[in-house]
Amino acid sequence: MPLLWLRGFLLASCWIIVRSSPTPGSEGHGSAPDCPSCALATLPKDGPNSQPEMVEAVKKHILNMLHLKKRPDVTQPVPKAALLNAIRKLHVGKVGENGYVEIEDDIGRRAEMNELMEQTSEIITFAESGTARKTLHFEISKEGSDLSVVERAEVWLFLKVPKANRTRTKVTIRLFQQQKHPQGSLDTGDEAEEMGLKGERSELLLSEKVVDARKSTWHIFPVSSSIQRLLDQGKSSLDVRIACEQCQESGASLVLLGKKKKKEVDGDGKKKDGSDGGLEEEKEQSHRPFLMLQARQSEDHPHRRRRRGLECDGKVNICCKKQFFVSFKDIGWNDWIIAPSGYHANYCEGECPSHIAGTSGSSLSFHSTVINHYRMRGHSPFANLKSCCVPTKLRPMSMLYYDDGQNIIKKDIQNMIVEECGCS
């Protein structure tokens, strides 16, 4: 039974390899049009007819992805002036200085944004009481300290207002960052001593907001620039003093917390009567202040750099991406394809030695690593399997073209252009 299961897994794995490498296309077409990278890699490159054969493979692939059996017959092309006017009105593209149409690459931008969002971490850090009165301490996790580009950072505070409050409708809340300096480098003065600030410290206004004091609710204070400075300095903690001079007059209170339990304080930092009841504290636990951080690693961060596929330069024989551009004007297709001017029909070629099979960054890396583990140890039936050089990253492409009825069509095609190659 285990052997039968193993054979089944092997067959499924081979099917995954075959199905993962091509660009998806319509059913009912041959494998070559569905996978230009695979088709181009198998064609001879040195023969006299190699270039025409490669171009024909690209043509079939484009028609397949547009769900066309043949190229549209454009017998009476639309006058260029009318075409350009329609494009401007429909906002599907723009006309360059050279008169050529350029497509607004919304799909490409969306793909880049999605990739960026996948690399962004969101961290919520709950506050602890600081070393002085009315201060909060936020300790960013190790996950956060490994990030270096702040997309967004906010401190969330809950303002509790008694139901009978009508004396003041607005209060001002200020957040000050507590900064520690080397001994003797700063004159803190009497005010710092009154605030309970020990040592050489200064304050920097982080955020200021006028809020409604007629209802209990959360208030958000942006602190992105401050968190960015902390990360740039290699620090991972933020100390904040909260100030609300009008809170006492209005009866409102900011919900802060102590070392072991949360407490309510008024504008002067004094504990309010009746706020230490166990039931009340349990009820208010959800109002604990917190810091919300969205950040990512920088482009040049050593841990962020994933292994990118090689570019074929004629000097390497291992798996790499071969650049191949087909101009629609050169192949006589610019009469029905309005934009872009050509297609980057990149493909993968090269050898896959055992030591690079299943490399990091490949969408097939986990599967490949498992197979390669058994293959290198001679375990049958994996011993005779060979790694393949396949696309590991593809990007979309937008096309603007005429159909047989002289209609202008804009189509966004996923997984159209090979960006990186790797060993399966």
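In case you wondered, yes, glycine gets a Cβ from its N, Cα and C as well.
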Exercise for review: Tell me, from CYS348, CYS352, CYS388, which cysteine Swiss-Prot puts in a disulphide with CYS421.
Suggested key: CYS348
Revision key, fill the gap. Disulfide partner of CYS319 per Swiss-Prot, picked from CYS247, CYS388, CYS389, is CYS389
Practice item. Using the record from Swiss-Prot, pick out the residue from CYS312, CYS320, CYS423 that is joined to CYS352 by a disulfide. Key: CYS423
Revision key, fill the gap. With CYS389 (disulfide bond) as reference and a Cα-Cα limit of 10 Å, the qualifying disulfide-bonded residues from CYS312, CYS320, CYS421, CYS423 are CYS320, CYS421, CYS423
Exercise for review: Within 10 Å of CYS423 (disulfide bond) by C-alpha distance: pick out those among the disulfide-bonded residues CYS312, CYS319, CYS320, and say none if nothing qualifies.
Suggested key: CYS319, CYS320
Exercise for review: Using all protein chains shown, find which of the disulfide-bonded residues CYS319, CYS320, CYS348, CYS421 scores highest when you count other CB atoms within 10 A of its CB.
Suggested key: CYS421
Practice item. Starting from CYS352 (disulfide bond), work out which of the disulfide-bonded residues listed here (CYS312, CYS319, CYS421) have their Cα within 10 Å, and give them in sequence order. Key: CYS319
Practice item. Provide the number of Cβ atoms within 10 Å of the Cβ of CYS352 (disulfide bond), excluding the reference atom itself. Key: 22
Study note, to complete from the structure: Same-chain residues at least 6 positions away from CYS312 (disulfide bond) with a Cβ under 8 Å from its Cβ, in sequence order, are CYS320, LYS321, LYS322, GLN323, GLU349, GLY350
